[in-house]
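A.B. asks: According to Swiss-Prot, the protein carries these features:
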type     : residues           : note
ACT_SITE : 128                : active site, phosphoserine intermediate
BINDING  : 128, 269, 271, 273 : Mg(2+) binding site
MOD_RES  : 128                : phosphoserine
């Protein structure tokens, strides 16, 4: 190996002459999925991979912006997040890029600060709602938007080629700086996005923080506005992040709201880019409801151009029909907040989101923000003088919708499920039977080794019947034994 020496405390340490000498073992399939790179920490996501990714991300982002700004890195509480964040920073430094490390913070904080500063990009170390053993690397461009596919492809091409060096000497390497104080600017932004004057006094709120990125900010902001806050899972404990709690496991939040007599509750995922709510009776309030209520408020104040909302193929049919009755229009796109964002830019929509709780409001930001959505929903409750239950009674009754997951580890089978003839036949039979009274959606998850089967129907028994049939077919012909 041709190496350059690093002199440190009298030692000559070998420095690889190219990033290809770190011994990476990359999968044949593309690294980048629907939301950056995600996988098991220590298996797919290793320190050498993060180091090399940092180097190539630095090259691509600097070339794209043609400036010498920093890259901002934030992270959630996972045990592997420190390792990956520091390795990414080292790789970026080796490409001559300065790094600002925020430490623990929500994903939308990284997106906001990237857009509002001279940063050339942002990186969040998080696997969102995934279990503790997973981790992920999310990238943002200089506008605070999820990285365009072209830039992700360029980074991966460099990573797989591994045939270049930075051409920099030690005096040109970047430096890393701890910048946790900058999270305060994001907090100021959130408070500034709310109507003034505002006081949450008299409002009792339960917050499920999922042991994740929102443990510091969310309780502090709600309390600063005068709310009485009961916080669940409120330590940055990466060994428990998302375990039986957070936005995908609402039962603890529901119980706490009922037992404490709270007005409402909010559950965030591990990186707080999504939120789910519950009313005083503990009934779930998903992204469809949040979009409807926030959209109605914007519509009434003439701040919703063309009464347009962007949702996804998962949006409940009852939500769409209720919104149409108010003179609105729902445009559906593929699942994923990046797809919602793209459709919002294309159509000029100011509000969009997903049933899973990613909510984007272009009046304030360009990324899904669970904390912002929670604050605006709480504001609506406080200013209306109505309970969340009363507001929901004026919205819609969702059609029964059953979502089931089938584990399919084989990536090729998972991505090419459409080629399974028995499954296609089963889908056709179900669609013919339900006609216009229901919908079916089968898709491969972009973040987990799962095929998701969603069946929606006006009748709960019908939805359950076809959900059983289709899930069994997927398991039989594609699933793991």
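Every residue number used here counts from 1 along the chain in the order it is shown.
Placement of Cβ uses the backbone N, Cα and C atoms for every residue, glycine included.
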A.B. asks: Using an 8 Å cut-off from the Cβ centroid of 128, 269, 271, 273, can you name the remaining same-chain residues around the Mg(2+) site, in sequence order?
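C.D. replies: Neighbours within 8 Å of the Cβ centroid, excluding 128, 269, 271, 273: 76, 106, 107, 126, 129, 212, 213, 268, 270, 272, 274, 370.
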A.B. asks: Sorry to bug you, but what's the C-alpha spacing from the residue listed as 'active site, phosphoserine intermediate' to residue 273 (Mg(2+) binding site), rounded to the closest Å?
C.D. replies: 8
A.B. asks: C-alpha of the residue listed as 'active site, phosphoserine intermediate' to C-alpha of residue 269 (Mg(2+) binding site): distance in Å?
C.D. replies: 6
A.B. asks: Run through the Cβ atoms and count how many others sit within 10 Å of the one on residue 128 (active site, phosphoserine intermediate).
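C.D. replies: For residue 128 (active site, phosphoserine intermediate), the count of other Cβ atoms within 10 Å is 30.
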A.B. asks: Tell me the Cβ contacts of residue 271 (Mg(2+) binding site) under 8 Å, same chain only and six or more apart in sequence, or just say none.
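C.D. replies: For residue 271 (Mg(2+) binding site), the qualifying residues are 76, 106, 107, 124, 126, 128, 212, 213.
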A.B. asks: Which residues, sitting 6 or more apart from residue 269 (Mg(2+) binding site) on the same chain, put a CB under 8 Å from its CB?
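C.D. replies: When sequence neighbours closer than 6 are ignored, residue 269 (Mg(2+) binding site) has 128, 129, 210, 212, 242, 246, 247, 248, 275, 357, 370 within Cβ distance under 8 Å.
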